[in-house]
Structure formats: C-alpha cells, structure tokens
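Asks: Relevant sequence annotations retrieved from Swiss-Prot are reproduced here:
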type     : residues                            : note
ACT_SITE : Asp128                              : active site
BINDING  : Leu75, Cys76, His77, Met113, Glu114 : substrate binding site
Amino acid sequence: MAGLSHFDEAGRAHMVDVSDKPVTARVALARGEVRMSAATLALVTEGRADKGDVLGVARLAGIMAAKRTADLIPLCHPLPITKVALDLTPDPGLPGIVVEATVRTGGQTGVEMEALTAVSVACLTIYDMVKAVEKGMEITGIRLLLKDGGKSGRFEATP
C-alpha cells in the first residue's frame, strides 16, 4: 500500500520504525468546537453546572488524554511530551466552546495525534459535564491546524 506508512508490503498493520530518524523539535495545534444553546453556554461560563468547573475539568482531561494517546491509538508511538496546553474559549457566536490544544516534544515522530486526542477528549468532557441539561450538543470541526518539525516540515491548515 504505497504512501501508507502503517502498512507493510503485504498490507498488514505495523508500528512504523522511527529508530533512524533524528530527534527534532515538534509541535502540533488542533482545534474543535462544542456547539450548544446560549442557555447552556451561560450555565458553563457562569459556573452553574451541577458537575462543577466544566472548562477546568475539560482542560485537565485534554492534558491527560494527550499523555495517553499511545494507549488509545494502536499504532502511535509513546512520546516524551514536553508541553500540553489547552485553550477553551467560550464563543457566543456559535454558541459554544472552542477548544485548541498545543502539544510539543523533542522526538523522532510528530505529536499531531496527541493534539487531536487532547481536543477530542476535552470536547467529550464538556459534553459529559452538561449533557443532563442539553443532550443535543454537537462536537464538530476537530482538525489539525498546524504541525511543524521533522522530515515533512511545516503544515498549516487553510482557514
């Protein structure tokens, strides 16, 4: 399967051998949104959710998820993550919460999956913490915005 590095010549899945790759600085930025009603957003931003600090708990969940990515995604390498930061921004225009995760490492492979996992789990945590109020929330737009470092260089998503 040409172009798909996680498959061998016979089409069997395998973990890519990165042992000959140089250690370089890597960074990835991912983004997602949790869309909800204006009333639910107010509940979150005013700290009135029954389960507590929605944004604080979601931030911690995203950080924890980034560190556990190799346990969740079968062919991801365990990496020495040097930074995970999550920004959770209320956006009345959605209405909802915009979640962005930045992940850094000095390693032989990138941290795109860690950033995407952090965003995904933070969004799921927001949903979990307020689903009693609104089950129709929508998790949307999860995507990689930026990756830099390594052989393939820099990628920036188009707006």
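Numbering starts at 1 and runs along the chain as it is shown here.
Note that Cβ sites are derived from N, Cα and C of the backbone, with glycine treated the same way.
How buried are the listed features, and what sits near them?
Replies: Asp128 (active site) falls within a helix when secondary structure is assigned with DSSP. Under 8 Å, Cβ to Cβ, and six or more positions away along its own chain, Asp128 (active site) finds Lys51.
Counting only residues at least six positions away in the same chain, the Cβ atoms of Thr69, Ile73, Cys76 sit under 8 Å from the Cβ of Met113 (substrate binding site).
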Asks: Starting from the Cβ of Glu114 (substrate binding site), draw a 10 Å sphere and report how many other Cβ atoms land inside it.
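Replies: So the number of other Cβ atoms within 10 Å of Glu114 (substrate binding site) is 27.
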Asks: Starting from the substrate site formed by Leu75, Cys76, His77, Met113, Glu114, give every other residue of that chain whose CB sits within 8 Å of the mean position of their CB atoms, in sequence order.
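Replies: After dropping the recorded site residues, what remains is Thr69, Ala70, Ile73, Pro78, Leu79, Thr109.
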